[in-house]
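Enquirer: My questions all concern the structure below.
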């Protein structure tokens, strides 16, 4: 298919900024991991990996309303602007309420929550301290995800990139000061992470000066119909984000039984790198999403198809490049996390990393297709794909893979992504056929 220059240029414009923004959103987790590994060793890294799914919960709830709401906003802001006039405000107050509820539950019941998440007697105390502190930031994290998606779709991806990169710089600097300067270790890492989204939100507030701004924020009572529509379209993104947390939990359970805390620490290294890799793929998907939604809303199905096709090319190229980099430099990457120089940790990670990240060849296209389906109002298809990828195939695959030792566990994710991609390509083909049919009808009329 010939991709028009204007579509290619606009996709590149959004994708570059969204990759940077998505990486920025996840970089604080990586910074925490590196600093904690240096300050608290392998046990600290294992502890962080146990708590890591809580960040996926924040992201999932923020994306549930943010991705779906932003898609509705894009589809209607030109043709039916009054229809989405209060949408952001409704989702903002809903997100704030959800975040406060999560913060309250995590502070009232930290031990039961952590026990379910896989904490042992060795890791419980450190994990409880970390969870109690970072959970206070749940409303900020969720509002950050929500606002970034809306501002991006309001035509200002540059600001979202600046906000998330500034947030990352803040985390690195404050982490270093609190962990090493003041010797606070886990508490310092948690405090730096707690305040990081406030930096991003402060910068995002500058969107009020954006000349083409259509977003408004004011007090209004949420309407269930609006929340339901946004959540329905955002549910695939919710499932995609939560699947990372669920898989981390399942991996922790299996690896603890197979090889103990050192295997969990090795997976902690892999999981932290995976957060960045998935963020890069999401950056491409979320860069294509506003263009696909807008063109679909205008009934320009050819441009919609071109944007999705070009996005698939970009995400596949990115996956190959990332894999070659990780394979070539896996030893120094692992060494960054292994301050104690533990040979057992090196052994597990050196084998696991190249096997696990063969997922790169399939995960990017899966995320792109899932997001594109949601962007074109195909909520049920996107939901089915996310459910397969994150749960129905992955969880059985992890436990089946455990029967073949650590190699089977490491390969469970790429095999899941491969099987999901076969289904995803069928759904995409069906979508493109429907586009061609609609193009013919438009031409005839």
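Cβ from N, Cα, C; glycine included.
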Enquirer: Could you check which of 15-38, 159-182 is flagged in TrEMBL as transmembrane segment?
Expert: 159-182
Enquirer: Among 198-218, 408-428, indicate the range for which TrEMBL gives the feature transmembrane segment.
Expert: 408-428
Enquirer: Pairs of Cβ atoms less than 8 Å apart decide it: which stretch in 159-182, 233-256, 408-428 has the most with the transmembrane segment (381-402)?
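Expert: Maximum Cβ contact count belongs to 233-256.
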Enquirer: Taking contact to mean three or more C-beta pairs under 8 angstroms, with sequence separation of 6 or more, is the transmembrane segment (348-369) in contact with the transmembrane segment (262-286)?
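Expert: They are in contact.
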Enquirer: Can you name the far-off residues of the same chain, 6+ from the ends of the transmembrane segment (87-109), with a Cβ under 8 Å from a Cβ of it?
Expert: 54, 57-58, 61-62, 65-66, 69, 72-73, 131-132, 135-143, 146-147, 150, 215-223, 226-227, 230
Enquirer: Is it true that the transmembrane segment (57-75) and the transmembrane segment (233-256) have 3 or more CB pairs under 8 Å, sequence gap of 6 or more?
Expert: yes
Enquirer: Short question: which residues 6 or more past the ends of the transmembrane segment (307-328) have a Cβ under 8 Å from it?
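Expert: Sequence-distant neighbours of the transmembrane segment (307-328): 1, 3, 7-8, 10-11, 15, 273, 277, 280-281, 284-285, 287-288, 291-292, 295, 353-354, 357-358, 360-361, 363-365, 367-369, 372, 428.
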